[in-house]
């Protein structure tokens, strides 16, 4: 690997743990690359080896145990990406085939989003060194606003467009910098002085809705996505600030204002309920001078009971965790139905007779009429059912299983990470 294409830790837009696979066309199967082993595979932004000043994206894989580089593949616009199953994806570039066996479906989905985002940026041409960020919808809570200055002299009436200045941050994990345009349209030029110190940036704090976590993978953001074990043994980040972060990126500005005065009309309550004595004038009640205590909000209560699932890596609430909520969790009822109905016979037949060159085939009981082998597949299943009559029980059992999932009697449950 040359020095120009060597990725650093900050250049990765997504990084997961997986086993790098290679395709053997002679046997028609996938085998572990260089003897197998868990590798750190990610999509990173690097400079093109041609040295034309343009940058691209590289899929880089490094085995953990010996730091051996087992995968290097540049992302191209004509890359063909195939999701064979939830934990195995493969792609093809220039008649070269690469594959990855992920540790969880969530890792596979994250890597797929990272590759698709890299291809989109290559198509849009936003990876050149002179490209600018023009989509304001991608700006988040860590945006840094810089004031544009007029570059014209005092005697010149010519105004130049504000230039975009992007500086690499040193302390925070990721930070996007952009310039507020058209600042010169409403103010005269003598209001801007180059010798004025720039105001200290403050972090804008927002509280997103906890019902759904939104994960955005942007190659311009230096987001580090860790592997499967890291999510199980590390606390969930993003909801509470990390005290280990640099002080410069952890300031919060609160607007100071006069505290509003509230007029409370309290009901008449017997003083005995509060342990107060009788009023000296003989009245049975007294004025309550204490403010009513604030109860814990429902959101804070739910936050304390939410955990991350080890199977699908989604956040769930312990009180609402019932059967059928996690599709990736193991389910003994579903496994028993497939074994009793001998569905392994149908899988074997479709794999050997109706699979594509990559070994992928359609679900045996799929009703998608757009499949070119729809009629042939069902005719083969009907013929196979004469040899294995127990296959006829699969559809009724599957219908009962779906009813059980709707009634929350069957299906997998979320399991909290340790």
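Yeah, the Cβs are placed from backbone N, Cα and C, and that goes for glycine too.
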Region 'Disordered' per Swiss-Prot - which of 127-172, 173-218, 219-264: 127-172
Where Swiss-Prot places region 'Disordered' among the ranges 79-106, 275-302, 303-330, 331-358: 275-302
Secondary structure composition of the domain 'SPR' (308-416) [DSSP: H/G/I, E/B, coil]: 52 helix, 8 strand, 49 coil
